[in-house]
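**Q** Structure in structure tokens, see below.
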Amino acid sequence: MNDNQHSTELGDAQNRDVDRFDDPGLPEHRHRRADSDPAADKRAERQVVVLFLISIIGTVASIVAYFVFRPDGTTDGVRISTLTLGLGMAFALLGIGLAAVHWAKTLMNDTEVTEERHEQRTPDAEREIAVQKLSDGAADSGIARRGVLKGAALSALAIFPLTIAVPLVSSVGGDWNVSKFRHTRWDKGTRLAIDPTGRPIKAADVTIGSVFHVIPDATEEERESHAWITEKAKAVVLVVRLDPRDLKEAEDRKDWSYDGIVAYSKICTHVGCPVALYEQQTHHLLCPCHQSTFDIADGAKVVFGPAKRPLPQLPIAVDDEGYLVAKSDFHEPVGPSYWERLK
Amino acid sequence: MKALAARRHHRLAPVVLLLLALLATGGLYALLAPSPASADSASTQDIETGEKLFQANCATCHGPSATGTDDVPSLVGVGAAAVDFQVSSGRMPMQSNGPQAIRKPAQFDAEQTAQLAAYVASLGTGPTVPTDEQVDPALGDPATGAAVFRTNCAMCHNAVGAGGALSEGKFAPSLLEADVTDRQIYEAMQTGPQSMPVFNDANITPEEKRDVIAYIEEQRDGSAGGLSLGSLGPVSEGLWAWVVGLGLLIGAAVWIGAKSS
């Protein structure tokens, strides 16, 4: 076929009215083997019976498993108990489901039936009856006559949604207070303590290459309290000691570290995951959520990833007994950005 | 014998032969393998033998006096624990340069490892190899261990110690492999090999280190919930649910919709 012929044929096809075609109706009914062959019918019946039997066996197995494999507290005990119970129940339900579907597909009547839709619009006579009933009811209730009753009913309905709306709106209002993000539990003289045991840290204990996960020193009572979890979530700090020769420090932050020991907030400035994957050899600190990477040797500046700001640094010093203490709170809000952050 | 000869052309015969050969090799190895020598106290002779081993196997990179170069760490003061960890886990001697030294079958037996450790320990004091009691998981408290592990280890090594990725091809290895010994876990915390930071005794006390070991040992039992799918969390679980779970559902829907023949 050459190109010329090809285009002519295409043109013909477009000229024909292809959008309209006759209703082909239902395809011719095709009989299943089970409809005509008694052997196939028997076979299908047997298959359905077997599927139901599988379900029965599953149920029995599940009950037997319940009594035989009691979870004894060990990992293996729990696993074998849940596994056998679950498998028994799975086969019990799957057997019923598969049997029912197979039964319907192979043995039940599958002749196609067409049911015409009825007219969607209700006849006018019936519509009039309905309207009449409604207006009769309204007249009977006397709502047009009894003005006070009408007002009371409407008011009751109108104010009911307040029971849901007021607590909702009010609790939204509580969260607009963002000043709490500006401060953490750290203060001048707060000792640095090990998370989660709460032992205070001596500067001499922080050897080069080690990393300490740090919380503010607090009484056991405070650490057990409900409020602690929010305080801890803001205040967690990572302390590492670098060789002072590796450490690059900004001029105004020279006195924020102590003999190579630096402390940085553990909350990622991207979306607030705990940044805690510290690579000792590269001094890089990785965030597990989006792979932001901070260079601890260089003011925790971002070297990779979606974070935009360096991690806030906690100024530290050493007290008379040799313990590490904070010199003040963080000088900027920790964690991800928010609109009022710099106000 | 005749029956055996008749079946030598059976298509499963090579498989059976292979299994028998493997069994024989394994059995012979178990019988003849040298039992690990215990070398608790380092004698002068150990140090001398260790030095010979060092000069023959390690000095190429670490230098004849073990002081290292710009790219290779000095071994003065790393202690016996670091040597025992690196050599017993096969990481040293290093096979090839790469993002990090990887675990492989150990090149030296326990006695040679102890001699190497004795030599390196004689160069400068450092952490010593922990005693069996220090690493006995039965003496540790897995609950405390879990709290310590969660804060200090889980972000790199995964919540159950299945390991995880770091940057530029580096990774935190799995702690659940059968050949990771309790002693190596203790030594890794103590010495901070490669990318791993050091967790000295002031940070994680020896008792807490033993608790961590007890926690990891508990994880070796596997998950009570069935398939752990590598303990990798939403990625592998999602893949399983989307591919296997949805695949089965789609298959069922197609089957229900298909006309019976």
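Cβ coordinates come from backbone N, Cα and C, glycine included.
So TrEMBL lists these for the protein:
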{"type": "SIGNAL", "residues": "B:1-39", "note": "signal peptide"}
{"type": "DOMAIN", "residues": "B:45-220", "note": "domain 'Cytochrome c'"}
{"type": "BINDING", "residues": "B:Cys58, B:Cys61, B:His62", "note": "heme c 1 binding site"}
{"type": "BINDING", "residues": "B:Cys153, B:Cys156, B:His157", "note": "heme c 2 binding site"}
{"type": "TRANSMEM", "residues": "B:239-258", "note": "transmembrane segment"}
**Q** Could you tell me the C-alpha distance between B:Cys153 (heme c 2 binding site) and B:Cys61 (heme c 1 binding site) in angstrom, no decimals?
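**A** About 30 Å separate the Cα atoms of these two residues.
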**Q** Which residues, sitting 6 or more apart from B:Cys61 (heme c 1 binding site) on the same chain, put a CB under 8 Å from its CB?
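**A** The list for B:Cys61 (heme c 1 binding site) reads B:Thr69, B:Val72, B:Met94, given in order along the sequence.
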**Q** With CB distance below 8 Å as the criterion, list the binding-site residues among B:Cys58, B:Cys61, B:His62, B:Cys153, B:Cys156 that sit near chain A.
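**A** In terms of proximity to chain A, the binding-site residues that count are B:Cys156, given in sequence order.
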**Q** Just to confirm my parser: what is the rounded mean pLDDT across the domain 'Cytochrome c' (B:45-220)?
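**A** That stretch averages a pLDDT of 89.
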**Q** Can you count the other CB atoms that lie within 10 A of the CB of B:Cys58 (heme c 1 binding site)?
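**A** Step by step: centre on the Cβ of B:Cys58 (heme c 1 binding site), count other Cβ atoms within 10 Å, giving 23.
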**Q** At the Cα level, what's the spacing in Å between B:Cys58 (heme c 1 binding site) and B:His157 (heme c 2 binding site), rounded?
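**A** That comes out at 29 Å between the alpha carbons.
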**Q** Using the CB centroid of B:Cys153, B:Cys156, B:His157 as the heme c 2 site centre, which other residues of the same chain sit with their CB within 8 A?
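**A** Filtered neighbour residues, in order: B:Phe149, B:Asn152, B:Ala154, B:Met155, B:Asn158, B:Gly161, B:Gly163, B:Gly164, B:Ala172, B:Leu175.
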**Q** List the Cα distance (Å, whole number) between B:His157 (heme c 2 binding site) and B:His62 (heme c 1 binding site).
**A** 29
**Q** Round to the nearest Å and give the CA-to-CA distance linking B:His62 (heme c 1 binding site) with B:Cys156 (heme c 2 binding site).
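**A** It is 28 Å, counting Cα to Cα.
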**Q** Can you name the residues of this chain that are 6 or more positions from B:Cys156 (heme c 2 binding site) yet have a C-beta less than 8 Å from its C-beta?
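**A** The answer is B:Gly164, B:Leu166, B:Ala172, B:Met196.
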**Q** Of B:His62, B:His157, which of the binding-site residues has the most Cβ neighbours inside 10 Å?
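**A** Buried the deepest by this measure is B:His157.
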**Q** With every protein chain in view, how many other Cβ atoms are within 10 Å of the Cβ of B:Cys153 (heme c 2 binding site)?
**A** 25
